[in-house]
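*Asks:* Have a look at this one before I ask anything.
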Number of protein chains: 2
Amino acid sequence: MQDAQKQAGRERLFVIKIGGNVIDAEQNLAAFLDDFAKVEGKKILIHGGGKIATKIGEQLGIESKYVNGRRITDSDTIDLVTMVYGGLVNKKVVAQLQSRGCNAIGLTGADGNMIPATRRPVKDIDYGWVGDVQATGLPLDTCRILLAHSLVPVFAPLTHDGQGHILNTNADTIASSIATALSNSYDVRLIYCFEKKGVLEDVNDDNSVITLITKDKYRALLAEDKLFAGILPKIDNAFAAIDTGVKEVLIGDAKDLLQNTQSQTTGTLITN
Amino acid sequence: MQDAQKQAGRERLFVIKIGGNVIDAEQNLAAFLDDFAKVEGKKILIHGGGKIATKIGEQLGIESKYVNGRRITDSDTIDLVTMVYGGLVNKKVVAQLQSRGCNAIGLTGADGNMIPATRRPVKDIDYGWVGDVQATGLPLDTCRILLAHSLVPVFAPLTHDGQGHILNTNADTIASSIATALSNSYDVRLIYCFEKKGVLEDVNDDNSVITLITKDKYRALLAEDKLFAGILPKIDNAFAAIDTGVKEVLIGDAKDLLQNTQSQTTGTLITN
């Protein structure tokens, strides 16, 4: 299979998502960027926001508002996250990658109209300036051009509504939609960095990583009731990405990034 | 001359700089972006910061510090302007241009390593995280690629030191360096939007615009002591840009942008 694709001239692409736990700790971020810069071949980074937006928001008197446990993005909050995610975090990451010889270019989904989104419709809750993105077929022409010229796109978790407004969008979802859209040009491995080494067979044993989950294996694990319930949505999302063209999804620790770009991974590789 | 250049296949490029007076007033900005979106052909926008950074800085308890009338960019201030110029202002402009059918892409000088800068050396004053850029030969390969694909680069007045730090850089200087570097590929008109219709023969009469200043004309005006002293550095900088390859520099009102992209301008056209 791999050989056949290599013959067809398909190149590898890593779509890598990091969350707030990496962004918030300066040393973790520096170590991650050291590794990210060393990843060979085509790559894209999508970063979450981190707690710094909440901290700056508090200083600015912008309250974090929640309804039924879901964050509401009012006008002040969208300005706040546009500043913090799109400016402070994104441009710091870009400058630090540049200092490591990685030709990064920082973007939001508004730039080049790469990630158009729809403001979430109001049903019971008005989430405010929150954008939902399409799962397949994002218009990533500009991203393809950048990749073809060996640039490394770095996306903040922001999109736009095409009517002049920035929207707040979940970084995991952006990563999945980007990976899916680029799967018709590249063999994509979508890597989610989280706080564990991978999917654990025993949630209390960090060394019990299940290194490979196929659909058959997943069915067996579910039948045996072996998996921690909290991980199931991540695995379901991974298979949804695979069903729309992504070759592999890897769930692992940011610290293991380099190993997780190899064929032998320490994290959990999910594939058909 | 123009015909010869057209025969040689050189395309027009407008490098357009707007300052805080346009950024700060929502209606002025919307009207400007309406016009900017209508400018035909290749174009680049460079925006200043505006007073919003000072306002948000005050809310965050970041004092504006000055030494001998010059602003000092300490660590808190560079984070502030990275957020506000690189995030809030830049991405709002991009989203609003996208809503006008203009395929904008928001950038700093760190992105694609397009504007490397040197932290200003400490002599009498330590200006902090302020970057000086080279006047000629900026490595704008990525910018050329974007222009070739009909994208519209929108630059915030931020650069980087190649060692992981964002630097605060004068937007006029960035505009001039970009215009100069792209002059070997395009016939560049560099347009500075300011608060007057152009260079005035009588500083008290807004309708006394001098519509064309050549070097000979400039010498004559200087000999007659006709010009307001405050405008002389702008004209000197314009001729410096022209001496390094820029075809024309236009100084005019943001409201007159569309007319000032034509051959008959209402502002002041400066050329050899």
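Start at 1 and count along the chain as shown; that gives each residue its number.
Placed from the backbone N, Cα and C atoms, the Cβ positions cover glycine too.
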*Asks:* Please pick, from B:Asn113, B:Asn168, B:Asn184, the residue that TrEMBL records in the substrate site together with B:Gly49, B:Gly50, B:Arg71.
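*Replies:* Within the candidate list, TrEMBL flags B:Asn168.
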*Asks:* Starting from the Cβ of B:Lys234 (site 'Transition state stabilizer'), draw a 10 Å sphere and report how many other Cβ atoms land inside it.
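*Replies:* The answer is 16.
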*Asks:* Where B:Gly49 (substrate binding site) and B:Lys17 (site 'Transition state stabilizer') are concerned, what is their Cα separation in Å, rounded?
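*Replies:* That separation, Cα to Cα, works out to 11 Å.
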*Asks:* Identify all same-chain residues not among B:Gly49, B:Gly50, B:Arg71, B:Asn168 whose C-beta atom falls within 8 angstroms of the centroid of the substrate site's C-beta atoms; report them in sequence order.
*Replies:* B:Gly20, B:Gly48, B:Ala53, B:Thr54, B:Val81, B:Tyr85, B:Pro157
*Asks:* Return one of helix, strand or coil for B:Lys234 (site 'Transition state stabilizer'), based on DSSP.
*Replies:* helix
